[in-house]
Amino acid sequence: MEYTVSASVFASFWTFASADLFEAMTELALYGVLVVLVAFAAALLCRPRAGRTPVLAISTVLMFVLATVQLAARLRATASAFQVFYLAVQGQFTPQSPAANGAMAQYIGYNFAEDILLVTNNIVTDGLLIYRCFLIWDRNRYIVVVPTLMLLLTAILSYLSAYEGDYPTAAGPSVPLPVGFSLGLLTNIVLVGLTAGRILYTRFKLRGLQNHEARRYNTAAAMITESGAIVCAWTVVYVIVRSLSPPTVWRIFRGGLAQILNIVPILIVVRVGLGHSLQGTETQNKTLTDEKWKAKTSASSEV
C-alpha cells in the first residue's frame, strides 16, 4: 500500500511524534537511575535504627510509585503520538475520522494525566522538605506555615495550568505556565534556605564541636543545598528552553523533570542511610549537654 502525503505534513507529524519519543527515552533512562537508588534506599531503610520514623520509607515508596505511573503515562502517550503519525501518513487524520479523533483524545488524556501526576509528585517531594525543615527547627509549626501555604498555592495554580494547557480554550490560559514553576522554585528556595541555614547556624553556635562532628553539620547543609540547586537548575533550564527551542529539544527536559524530582530526594535518603547526616546518638562531644541541642541533633538524623 502506498501512502502519499505532502512533505510539510509528514515533517509536521514526524516532529510531533519524535518529540514524544525523545521525552519518553529521557524519562526511561532516568527512571533506570531511580530504580537503582530506590533499591539502595530500601536496603538502607530496612536496617533497624532507634528513633527512625516511617516518614522516609513512606515518602520513598510514594515517590517511586508516582515516578512509575508517570513513566507509564508517558509511554502510553508516546504510543498514541505514533498512532496519530501513522494515521496522518495514511491520510486519515481528518476532523471527520473517528480513529484520528480517538487517537488524539487518548494522547491528550495521557499527557494530562502525566501533568497532574507531576504536580502531585511535587507536593510529595516539597512536603518531605517541609517535614525536614519542621524537624530541624525543633518541630516549630510557625516556621513551616509560609512554605506550606506557598506549596498549596503552587499546587492549585499548577493543577489549573495543567488543565488549561492540555485542554485550551479560545480565551487562552488564565495561569501562564511560568507562574506555577516560578512559585514552585521560590518555595524550594525558601525551604532550602530555612533548612540549610538552621543547620549552619547550629553549627556556628556549637563552636566546641570536634572536626568530624562539625563535618556532619557541613555535609548535611551541603546535601540540602545541592538537592535544591539541582531541582531549581533543571526547572529553570526547562522553562527557558521551552520558550526558545522546538519541541524535539524542550521535551527532553520535560521528560527528565518527572524523574529528577524523585532522584534528588531519594539520593539524600541513600546518603543519610550511609551515614552522611547528623545523628545525635553518635555525638560524643561533652559540650553537648543541653537537652535542646540534643533534640536538634537527634531530629536532624531524618534529614
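Placement of Cβ uses the backbone N, Cα and C atoms for every residue, glycine included.
Automatic, uncurated: that is what TrEMBL annotation is.
Summarising the annotation, TrEMBL assigns transmembrane segment to 29-46 (among others).
Sequence annotations record features per position, and here TrEMBL assigns transmembrane segment to 53-73 (among others). When Cβ-Cβ distances below 8 Å are used as the criterion, the transmembrane segment (53-73) is approached by residues 27-28, 31, 34, 38, 41-42, 45, 110-111, 113-114, 117-118, 120-121, 124-125, 127-128, 131, 258-259, 261-262, 265-266, 269, 272, 302 of the same chain, each at least six residues removed from its ends.
Within the chain carrying the transmembrane segment (116-135), a Cβ under 8 angstroms from the stretch's Cβ atoms is held by residues 55, 59, 62-63, 66-67, 69-70, 73, 141, 143-144, 147-148, 151, 154-155, 158-159, 162, 180, 184, 187-188, 191-192, 194-195, 198, 224, 257-258, 261-262, 264-265, 299-300, 302-303, all 6 or more beyond its ends. Look at TrEMBL and you will find 116-135 (among others) tagged as transmembrane segment.
Long-range contacts of the transmembrane segment (142-161) within the same chain: residues 116, 119, 122-123, 126-127, 129-130, 133-134, 173-177, 179-181, 183-184, 186-187, 190-191, 194, each at least 6 residues beyond the stretch ends and with a Cβ under 8 Å from a Cβ of the stretch. Annotation comment: TrEMBL describes 142-161 (among others) as transmembrane segment.
Residues or ranges marked as transmembrane segment in TrEMBL: 181-201 (among others).
Packing against the transmembrane segment (221-240) from elsewhere in the chain are residues 132, 177-178, 181, 184-185, 188-189, 191-192, 195-196, 199-200, 203, 250, 253-254, 256-257, 260-261, 264-265, 267-268, 271, 276-277, 303: each is 6 or more residues past its ends and has a CB under 8 Å from a CB in it. Residues or ranges marked as transmembrane segment in TrEMBL: 221-240 (among others).
Positions annotated as transmembrane segment by TrEMBL: 252-274 (among others).
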Residues of the parent chain within Cβ reach of the transmembrane segment (181-201), under 8 Å, 6 or more residues beyond its termini: 122, 126, 129-130, 132-133, 136-137, 143, 146-147, 150-151, 153-154, 157-158, 217-218, 220-221, 224-225, 227-229, 231-232, 235-236, 238-239, 278, 300, 303
